[in-house]
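Just below is one structure, and these are the notes that go with it.
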Amino acid sequence: MSETVKDKVIIDEKVSTKGTVDYAEGAEYSERLSNHSSDFSQWYTDEQILHFMKKLGYENRTLYDIPEDVAYILKKMPELTLEDSFKILKDSIIYFKDDENIPHDQYEEWKRLVDLEDLDSKEGIDEYDSFDIRAFASAIKFHSPYQEVRAVVDPEDDPTIPVETFRAYFLAIIWSVIGSGFNEFFSHRVVSISLNTPIIQMFLYICGKAWAKTIPCWTITIRGRKYGINIDKPWTQKEQMFSTLLYAICQGAFYTHYNILTQKLFYHSAFSFGYQFLLSLSVQFIGFGFAGILRKFVVYPARALWPTVMPTIAINKALLGKEKHESGMSRYKFFFLTFFIMFIYNWFPTYIINILNTFNWMTWIKPSNINLANITGGVTGLGINPISSFDWNVISFNSPLVYPFWSYLTQYLGCILAALIVIAVYYSNYMSCQYLPIFTNSLYTNTGHSFKVTEVLDSDNKLDVKKYQSYSPPYYSAGNLVSYGAFICAYPLMITWSFIVHSKLLFNAFKDWALNLWAMRKLKSWVTMFKSDYRALDDYDDPHSNAMKNYKEVPDWWYFAILIGSLVVGIAVVEHYPTNTPVWGLFVCLGFNFVFLIPTTILQATTGYSFGLNLLIEMVMGYALPGNPIAIMILKAFGYNIDGQADNYVSNLKIAHYCKIPPMALFRGQCVIVFIQIFVNLGVLNWQISNIKDFCTPHQNAKFTCPDAVTYYNASVVWGAIGPKRIFNYIYPIFKWCWLIGACIGIFFGVWKRWGKFYPRYFDPMLFVGGMLNMSPPYNLMYYTSGMIVSYISQYYMKRHHLNLWEKYNYVLSAGFSTGLVLSAIIIFFAVQYKDTAFNWWGNTVPYAGADGVGYPLKNITDTANGYFGYAPGHYP
């Protein structure tokens, strides 16, 4: 064995496999080591390497199969002194405190190693401890402390790799036009299908490789500048990711199509294309402005993990990454293997054997038993079933291969509590809900029929009190009641929890914004804002931020200009067109997003979970603008899409940060794509309205019944025409108490976490209530139970006991299955479902037979004395 480790020696000693001792100075040693990175036995003892791999979780790796990330960490380790390493670990203990995504045993090991600095003499530090101190510090300094990041992200960058090329733009624009049009067209169908980002990544890879090989390297001169339609280089990883991110920005919700559909088809308001374009332009771009503010909180910091972006990076690495020879199948082969497996398998649950989709086997025992169907049914019941589905479309509903296990488990526990509350609400017959099915998302009348909102509106699409009094108030199923209650709880919970737990971060953020706005009084501040040498990353020292310092950052004023420009366009729309929408309503939406954006985006960046502000905007504006459904819809579009588009854009910024895509190139490209997307989506939408017979009607032959638009319309009537005052004060008074319940939960857990002696490390009340919110009709426990099993296997068992396999294949598996599923669904739709060629046999009909398939209420409305429940006609609130 080697001698005692000496202080201030970069790598104090090297024990070869023969036992001879060698010493080296840092730079020379690092160069020699980089030339032999595949044979670390020349520079470290076998025991040291195996010991460190075990510390990182690689239980089954050998010296002949060292993971790429470990090899890189060991390669960079000579650049750190022992003092440097101690400082890095001490800073990391503070920075990553309470970070659930850092393995607990790893964090405790950091603390143990840092405590060794207090020894009287550094010579008393054990050889292995000294090695671990440098190795862990090297992982943090030169790579990442997160296993998820090390699995798919390359720590180094080559700035000479082409990114913003003509071919990358051309392919991105073509596929964005195809994808946006396709997704818009089929988004209004009952069973919608879409071209998601993974499938487009595969198409981009095929097209990019073909372009590089077949298109001549000609140049085009524009205003004296030459542009090559092809370059004499292979299709690169950065071009692939750049094109992917341009497509990804148009995968966010094109929210204004709900406004246009409801106003044209349900409110019969003939607004011009100019109105549609300007409204869409304002709504789609206003979120970009907020994204610039969010960068320093959820893009640049290393703690902003963004687990949901890992599959996108994994596909890129699998398709174009250079893999070193390792045991087992390559990522490239594994991706296409999983793609073909899922492409074939998806035919069975989707078309051939539907019981694989909805495996409600317990209801088959007695199909007519309503109670059994209510509790265990997967169609209209709560889905309490340990083996509920074998369909990857259902299993992957909540991304079990992507969300951290602690995040998925917390959400699942929230789902279980929500199911128990639904049972309590239903079987206690709260507000006579037993006269309705237990778990549906429809609105009902007091006679148990579907609530038709047109029955209570006048010719101006406002509430007609006489019609309302002769018809019925709207009633919710028990499942919808609990879902709405959880949604209401989430808002005050988010505020109280965040301002207690993240008080310093939020205080500094709001202080920074206030000071910047106040500084705008001076000319010097405006000059500084327009400087070209914007250095936003100077305060960050992780490897990815350091690599990104090679590229110019997008100045704040670019985002500020888009925010102001979009707001001006929005004001012009609501003022010029007959929308009945006050300008101050836009500023209220901006204010709510200003308060909620940082907490909600931090939640998404660290846990993968997100929720929107749509219900909050509906309720607040319903109080402020009673009887004005058009205004509610417009303000809801702004209030929701600011958050939605900002989150979408900053997640793309984080991918660019990980993959070293120049920020200014991404900004330019995504602005161009969003502008094009507006024309494509509006063109497709207006064509559908004009050319598809019975479009958005319940009996449309091709099932283009617009379920989302109908829900949007119903919500505009309930919260806009009827109003939250009637709902909260009379029909469902429990809702108003949910605000207080949410605030109390946030205060209780916030105080406990910040000042309590012990707090469960992996418990986040926002995720728990978010899980309750997930349990929203028609998505019952069936959509989460099978995923819970997969999450345990992947994110817990495999990650803990087979980390080498998990790192190499987990996100590739997620991407391969997702890609195969989407392409298979498209083929199935056009081959058999579009022609309505049903495959009728027992395996396809039994899930929908009996009480679970129909959704019977527990009580029959005809058994009541008056033939209705609740308030008497003429006395409705």
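Our numbering is plain: 1 for the first residue shown, then up by one each step along the chain.
Just so you know, glycine gets a Cβ as well, placed from its N, Cα and C.
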According to Swiss-Prot, one residue among N35, N860 carries the annotation N-linked glycosylation site; which one is it?
N860
By the record in Swiss-Prot, which of N374, N714 is the one labelled N-linked glycosylation site?
N374
Membrane-wise, does Swiss-Prot list T62 and A872 under the same topological domain?
no
Indicate the candidate from N374, N860 with the smallest number of other Cβ atoms within 10 Å of its Cβ, considering only these glycosylation sites.
N860
Quick one: do the transmembrane segment (481-501) and the transmembrane segment (273-293) have at least 3 Cβ pairs under 8 Å, skipping pairs fewer than 6 apart in sequence?
no
Counting only pairs 6 or more apart in sequence, are there at least 3 Cβ pairs under 8 Å between the transmembrane segment (405-425) and the transmembrane segment (375-395)?
yes
Can you work out whether the transmembrane segment (273-293) touches the transmembrane segment (672-692), with the criterion being 3+ CB pairs under 8 Å where the paired residues are 6 or more apart along the chain?
yes
Which one, 168-188, 672-692, 731-751, 812-832, has the most C-beta pairs under 8 Å toward the transmembrane segment (375-395)?
812-832
Distance from N374 (N-linked glycosylation site) back to N860 (N-linked glycosylation site), taken between C-alpha atoms, in Å:
15
Is the topological domain 'Extracellular' (752-766) packed against any residues at least 6 beyond its ends, judged by a Cβ distance under 8 Å, and which are they?
98, 100, 104, 406-407, 409-410, 490, 493-494, 497, 500-501, 603, 607, 609, 745-746
Outside the topological domain 'Extracellular' (636-671), six or more residues from its ends: residues with CB under 8 Å to it:
149, 153-154, 157, 159, 163-164, 169, 172, 237-238, 241-242, 245-246, 248-249, 251-253, 255-256, 258-259, 279, 282-288, 290-291, 294-295, 298-300, 304, 306, 308-309, 312-313, 316, 544-545, 547-548, 551-554, 558, 562, 570, 586, 589-590, 592-593, 596-597, 600-601, 604-605, 610, 612-614, 616-618, 621, 715-716
Same-chain residue ranges lying at least 6 outside the topological domain 'Cytoplasmic' (790-811) that approach it to Cβ under 8 Å:
56-61, 65, 67, 69, 147, 150-152, 310-311, 313-314, 326, 328, 331, 334, 395-396, 400-405, 408-409
